[in-house]
Structure formats: C-alpha cells, structure tokens
Amino acid sequence: MAIQTSNLGYPRIGLQREWKKTLEAFWSNKINEEQFLTTMKEIRLQHVKVQQEKGIELIPIGDFTYYDHVLDTAYMLGFIPSRFSEFTSYLDVYFAMARGSKDHVASEMTKWFNTNYHYIVPEYEEGLQISLKDNRPLRLYEEAKQELGVDGKPVILGPYTFLKLAKGYTQEQFATILKQLVAPYVQLLSELHAAGAQIIQVDEPIFASLTKEEVQQAKEIYEAIRKEVPNATLLLQTYFDSVEENYEEIITFPVSSIGLDFVHGKEGNLNAISKYGFPADKTLAVGCIDGRNIWRADLDEVLTLFTTLQKQVQTKDLIVQPSCSLLHTPIDKTEETHLSTELFDALAFANQKLEELVLTHSALTQGTESISNELETYRNVHHTIRSSAARNREDVKAARTALKEEDFSRPLPFEKRYELQQVALKLPLLPTTTIGSFPQTTEVRQTRKEWRNGIISNEQYEQFIEKETEKWIRYQEEIGLDVLVHGEFERTDMVEYFGERLAGFSFTKNGWVQSYGSRCVKPPVIYGDVAFINGMTIKETVYAQSLTEKVVKGMLTGPVTILNWSFVRNDIPRKEVSYQIALALRHEIELLESSGIRVIQVDEPALREGMPLKEKDWDAYITWAVQSFLLATSSVANETQIHTHMCYSNFEDIVDAIRALDADVISIETSRSHGEFIDTLKHTTYEKGIGLGVYDIHSPRVPSKDEMYKIVEQSLQVCDPKYFWINPDCGLKTRRTEEVIPALEHMVQAAKDARSLLKTNA
C-alpha cells in the first residue's frame, strides 16, 4: 500500500500579508497591472515552494486566488452578470463582481459553510452562456511545473457544490443548469489530464449535507463527466463534516479517490466505514490534521485513527492530509515568541500542520519508533497545557455551577418592555441608527500604532480617541441620526478588543487569516477559562453620552460571535466556553446600565455561521447559542433596550432562534442579499424591533436616497412600522468619511420620507 502526503489548500495572504498589500496597492492605483500580476505570481510560487520544502507530495495548485476561489470558478464558467458587460478586461470584470463600482452593485457575499471565510455568490441569469471561459487551473498547473518542476495537484470547486452555492435560478431549473455544467467541466478536466496532471482534487463540501435524491443527482453528473474523461484521476474531496448519511452511495461515485474529514466528521465517517467498508479499487484520503484550528494534533490519536482504518479498509492506497484547506489557519507560528512557552508549544499553524502530516507519514511508513522523540514531545506539550492554571480556575467553575433558570430570561415580555422603553427613550417612528463603527482612517490606525509602540503616552492616545469620538458625535447630530454610537475608534477588531480585556485570551502578532477579499483578521486565542477583569467599554461610551442629549448606545460583541471568531481551546465543549464569555459580558452590561447607558447593543453576526452543517445537529447548537446571549443580556431593567446585529447569513434557517434571543431590536444585513430576508418575513412574522439594512457598506459606492427608500418601503410591507428601525447593513469601519456622511444623509432623508408617507396614510 502506497501512502502519500497531501495538502488541500494553503493560506493565500503571505507570511507578512504581502497578498493583501498587493491587492490594495493595485486597487488604489499605486501599482499597475503588470506589477500586480508579477507580485502575485511570486507569492503564488513561494507558497508552492514552501509546501515542497516541507515534504508534501501532492501540492495543491489553483487554490491561490486574487479574491475568492468561488468567484474564480464563476468567472471560469462564464457566470458573469450582465450588469458587468461594459467591463472588458479580466481584472476589471473580476473585481467589479467582487467589490462593485460607482455604478455597479457587487455580487452578494456570504459565509463559506460554517466558517468565518466569505465567498462571492455566483449569479445565474436567463440566457447565460455557460462555457469554459478561462482554464485558470491549467495555467497555474503548467506554471508550477515550468517554474519549480512541481507536478502539482490541481484543485477545483466541484460542479454540484458550485451550483448549490449559486443564486438566480428556480429549483425547477437546477437540474437543467447542472447538466449544462458537464461540458465545461469535461473540457477543464480533459485539458488538465492532457497536460499531465496525475491527480485532480474536486472539492464537494456540500456533500456533507445533501439528501438522498441530491446525491443521486450529483452521481449522475459525475458519471456523465467520467464518460467523457475516463482516464483522469479524480479525488472527490469532502470536508467540514462527515458524509455518513450518504456514504454508501458516495463511495460508488466514478472517481479514483475519496477524501473524508476525520476531524470534524470523525465519528460519522468511521461509523459509515465500519458499516459499509471502503472500495478496494479507490484511494482513501484521510483528513486527520485539523485545518480549522491552531492546536498541535494529538499524534497518538491520529495514529490510532490509522490503525482503526487499516483494520477496516482494504484500500488501494492512503493519502495523509488536513481535514480541509489550511486557508482557515495562520501561516507560521515562529514569530509568536512573545507567547508563554506552554501556549507557544501547544500551537500549530499551517506550516506546522504540514510538518505534522510528514510526521504522521513517517510513523505509518517507517514505524512509530522513527518519530519516538517527537511523540514524547507532543505528549509533554499536551499534558502541560491541560494542567495549566489558566484552564482550571475555581471562580469560573463556581460561577457556572451557580447559574439558575431565571438568569436566562428578562423580567417582562417584549411588548411590555418596549412600551416602557418608548417612554424612556422618546424616539420617533422609524428611528435611525448605525451599527457601531465609523471609519478607521490612516490617522486613527497610525495613532494607535504609535501608542502601542510607546511613541505617545496613554494620555495622548486617550485625548486623540476623545477628539475622534466628539467629531463623530457632532457628525451624527448634524446628519440627524436618532440613536448615536461612539464610533469604536479605540478598537482594532470587534473580537480582539474584548479578548484583550478578558482573562483566558491570548493574542498572536502575525496570526492573520483571510475573512473576505483583502480583509484579514487576527482571531484571538481562547486558551484558558474566560473571566471578567475590569470595565471594557464604560469610559468611551459614557464620555460619548456626555457630549449629547441624544441616546448613545453601548456596543459589545456577543458571546457566540467572540467564540466563533476566535481560535477556541479544544479540551472542553464550545458551549462551556460560550457560557464563560456570556458571564463576563453580563458583568460589563450591568456596568454600562448602572453608568446611565439606556441602549446596549450586543452583536451576534456570527451566530448563524456556527451552526453545524447537518440539520439534525442544529437544535443542540441553537439552544446553547441562544442561552449564551440570554445569559449575557437578561439581567438589565425592562427600560433598558437590548439591540443585536447579524450579517451575511441564511436567516430563514434561524428565524425561530432570532426570536428566541428576545432582543428588543435586531438589525440585519439586507441590501447585499437583495432582500432575501424580506422574502423570509413574507412567510413568517417577527413581532419585535427590527432594522433591515438599507445599504451595503462593503462597497465604496454611495447609494441614493431612492435606493434606500425602496428597501424601507419593501420592508414595511412585512414589518410593523411601530417596531421598525432604519440602519446600514453593517459597521462603517472600512469606509471613508467622504463615503459615509453622504450615505447616512441619504439614509436619514429616506427615513423622513417614509415617516411622512406613514403619517399621510394614517
């Protein structure tokens, strides 16, 4: 039996975020197209070279992108909306689809399954000519071969997942469009095979959550492709969960290899293999190293997995690989020497995970004695972090044990609370507000950097933050907003900021991962028990409130979002970590309230993304996610108004969960998803305060008043005006001042027009 090492995908952003910087330099016209393409090629080849040097045998090619791999596939197959037809060059079309332009609305963006990565949603239009517009995987395969002598493994997004992620067609059209994808995929695979590709990875992550009928439909497409390309060696790759429910059918697909996730889908996939075996004529690609977290693998557990598999599987060959693409992990931990030894030793970023694959391969091919020293090191590291004082706090354990049922609910029901809040807050019909953050200008970022580097004092930094806060309080008053925010100028990131002020968190210097486009985030590391230390937002919020007679809302990030946007310890259930965060936030909310803050927003944009892929697992997750929010927010007085915010989700799946949060007001992204949540509300009722975002903040274009008014008008057809709020889709941190002010002025004017119409019709 041959055993090979493989990787499913490598982080794109570069060790020092060179990829991000190159993109942004190109967008701002600081470099030309030739310089852009040259630099991107250098980064791309460097990533291949690193994997080659680490000892990976099957190196992914084509996982690199200028923005998003789903967008790459859409462009490649000709899924280009007609509104972009005036653009002629590849990059102009590509980036217009991703980012929009002054006159063109960008394609929708949403979460990649249950991760914090966003993809550009492919759009189908009637009359679309589906064809292989550009065989990008072939070009990149030949590039790696010619430049580095690497016979790589092309990686493509599979036809079924691609079309399932697309929008713009009816369910009745799906089968027809799916068949139209056969020809371009046949051409793509034929050309790769003819060029010498030994194995081609076809990603089908959606296979973890398909019905029996859908799997059969997918199989027919693969049979049609195989008929035309009989000799190509295809690796059907699944990840993010098991394919247990459809395993028996999936192993009959006409492919040479099947990749399964034995980290996040371990139990289900092992159960399926135990029940149905594995085809002797296929290669099993074993996802055994976690591609979504940053902890060292338990190599003893990994080797036990292979022992189990080798007893049950008479497979042709084995492939040792991560559970999914390493896109979701930082690149290398070597710069994180500021961390404690016990934490540093416990980490494994992308490059370290490649080393773990090679260690596993050595143990499997040469015996465990060949890595005996490494195994002993790993065991010691795991023992040290498990027994750490940071993971065994008695006060945190006691607080969790003391929780009672009444800690998870507000004293009065929503209708009675809202009446009291209206009396206390004296807000107009259709109140306007923003989601929280205002532009983080170059000056803001530079001043924060100088403060962190000790160039300016704490006092100077605080004075600067107060100056920015006052400036934007005045802007908001002049614009005419009803509920103001302080602007969050002191915050780098909505999760990092809180993590820096809570026990149990640690932070990397260079642990960046891609969120969307050039936007990178540096998730906190939750390594110990989480606990409140001191007030985190009191000073800035109270100062902002002192500057105005209008209501200023406190701004917090919710427990589930902090959890889902962090790298989380893996020694206790995520539910328990979420409850720890909720208890810490509960303390902060009580301090805000006692300081005179009457509206407090607790953002949960990541609540939906944490849901398991399989519907059967949803209830358990939603129960503890909702309970976490309630635990954080339920101790305030009835007169205190609790807001929350969500963005980029398939909300129809969680309307009941949103209702169960019992927030007085929820604001939801609406504009970029082209009003999908409005459609959801046509089929269900939502009886609490709600604001459906009226403009897309991820695009630089300033929408007109009429565009926003149209969304307000549509929203009021399904929402009670008494409970309706008007707000942007999301925070305005990444936009420029000259974009924000006119957009908010248009929004306020749209609100005034809507109020006038309601009064006229009353």
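Cβ coordinates come from backbone N, Cα and C, glycine included.
Worth saying up front: this structure is predicted, and the values here are computed from it rather than measured.
According to Swiss-Prot, the feature active site, proton donor maps to His698. Sequence annotations record features per position, and here Swiss-Prot assigns 5-methyltetrahydropteroyltri-L-glutamate binding site to Arg17, Glu18, Trp19, Lys20, Lys111, Arg519, Cys520, Trp565, Glu609. Here Swiss-Prot flags Ile435, Gly436, Ser437, Glu488, Asp603 as L-homocysteine binding site. Summarising the annotation, Swiss-Prot assigns L-methionine binding site to Ile435, Gly436, Ser437, Glu488, Asp603. The feature Zn(2+) binding site is assigned by Swiss-Prot to His645, Cys647, Glu669, Cys730, with sequence analysis given as support.
The distance from the Cα of Glu609 (5-methyltetrahydropteroyltri-L-glutamate binding site) to the Cα of His698 (active site, proton donor) comes to 19 Å. Within 8 A of the CB centroid of the L-homocysteine site residues Ile435, Gly436, Ser437, Glu488, Asp603, the other residues of that chain are Thr434, Val485, Met494, Met555, Gln601, His645, Cys730, Gly731, Lys733.
With respect to their backbone Cα atoms, Gly436 (L-homocysteine binding site) and Cys730 (Zn(2+) binding site) stand 8 Å from each other.
Remark: Cys647 (Zn(2+) binding site) has Pro605, Ile668, Glu669, Gly693, Asp729, Cys730 as non-local neighbours, by Cβ distance under 8 Å and separation of at least 6 in sequence. Of all Cβ atoms in the protein chains displayed, 21 besides its own lie within 10 Å of the Cβ of Ser437 (L-homocysteine binding site). Nearest in space to Arg17 (5-methyltetrahydropteroyltri-L-glutamate binding site), taking C-alpha to C-alpha distance over the recorded positions Ile435, Glu488, Asp603, His645, His698, is His698. A distance of 5 Å separates the Cα atom of His645 (Zn(2+) binding site) from that of Asp603 (L-homocysteine binding site). Ranked by how many other Cβ atoms sit within 10 Å of their Cβ, the binding-site residues Arg17, Lys111, His645 place Arg17 at the bottom. Taking the Cα atom of each, Cys520 (5-methyltetrahydropteroyltri-L-glutamate binding site) and Ser437 (L-homocysteine binding site) are about 17 angstrom apart. A simple way to gauge crowding: the CB of His698 (active site, proton donor) has 22 other CB atoms within 10 angstroms, across all the protein chains here. The separation of Lys111 (5-methyltetrahydropteroyltri-L-glutamate binding site) from Glu488 (L-homocysteine binding site), Cα to Cα, is 24 Å.
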